[in-house]
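Participant: Got a structure for you, questions after.
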Ligand SMILES: Nc1ncnc2c1ncn2[C@@H]1O[C@H](COP(=O)(O)OP(=O)(O)OP(=O)(O)O)[C@@H](O)[C@H]1O
Ligand SMILES: Cc1ncsc1CCO
Ligand SMILES: [Mg+2]
């Protein structure tokens, strides 16, 4: 019989939200969604710092609890900064999340993602099309968006197998592929998460926020698998409540309501009852 994720991760679901301490997360990220990301961290009671100059890392890394590396907008400076921070996190044993934004689109981003993987980050994530490309599979993603075609049952099974093989070489990394179904694969197991609403595809930064919040949960000491499963489930339950409230509104209102729920849901609802997902 398959086990539900609320059983597998029962302790983490019971104790994580609302956060009891405020992890400081350094986000080296893209200018498109940087403000949404910083605020999303604050809404769950984490603290953002968006510092990307390598000269600052020696001082900064004594203060931060986790690092988020997002490939969403590459410049020569940001490329150096991402690579330097990835190495520094490994040296100083800070938990790190790599978000493979746009890896399905260009070789340059694919190469940066692979270089960052060599530091054995705690989590590597992307939308399903980005993660397919990263795992060496055919991908139909365009730009920074995932493709519906990569979501079929066959494609998900193929991706699960490819990621399992990757975890043999990278046993300390948990892989997350997001979309209508979210797939989590690590050396410890595989899980499928089923919360969320289609409108999440209609405003930008949803995946970026999931990356930053995952880093925050690593920063308070959750395991890689716990941090990924808790973040995706919580964010997607926030979106489900927002969609239910947004009967007359457009996508901009849905966005605001989803972000609002980040600070409300754990306080106001028995949200764990809403969680859908199971071990594979
Ligand atoms: N069709 C959908 N149904 C349910 N949930 C979805 C759907 N699409 C995305 N999500 C959820 O939205 C979040 C972001 O996933 P998505 O794959 O859209 O990331 P992304 O493409 O990296 O986003 P962005 O580029 O906007 O940052 C995840 O938590 C995912 O589960
Ligand atoms: C980086 C970027 N470019 C277009 S939208 C976006 C944010 C989604 O990751
Ligand atoms: Mg993304």
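Heads up, the Cβ atoms here are built off N, Cα and C, so glycines get one too.
So TrEMBL has the following annotated:
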{"type": "BINDING", "residues": "50, 205", "note": "substrate binding site"}
{"type": "BINDING", "residues": "125, 178", "note": "ATP binding site"}
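Give me the lay of the land around each of these features.
Facilitator: Within its own chain, residue 50 (substrate binding site) has 26, 27, 28, 29, 34, 38 as residues 6 or more apart in sequence whose C-beta sits under 8 angstroms from its own.
There are 28 other CB atoms within 10 A of the CB of residue 125 (ATP binding site), with all protein chains counted.
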Participant: Can you name the residues of this chain that are 6 or more positions from residue 178 (ATP binding site) yet have a C-beta less than 8 Å from its C-beta?
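Facilitator: Once residues fewer than 6 apart are set aside, residue 178 (ATP binding site) is near 125, 126, 127, 128, 146, 207, 210, 232.
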Participant: Provide the number of Cβ atoms within 10 Å of the Cβ of residue 205 (substrate binding site), excluding the reference atom itself.
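Facilitator: Residue 205 (substrate binding site): 21 neighbouring Cβ atoms within 10 Å.
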Participant: In three-state terms from DSSP, label residue 50 (substrate binding site) for me.
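Facilitator: Coil, per DSSP.
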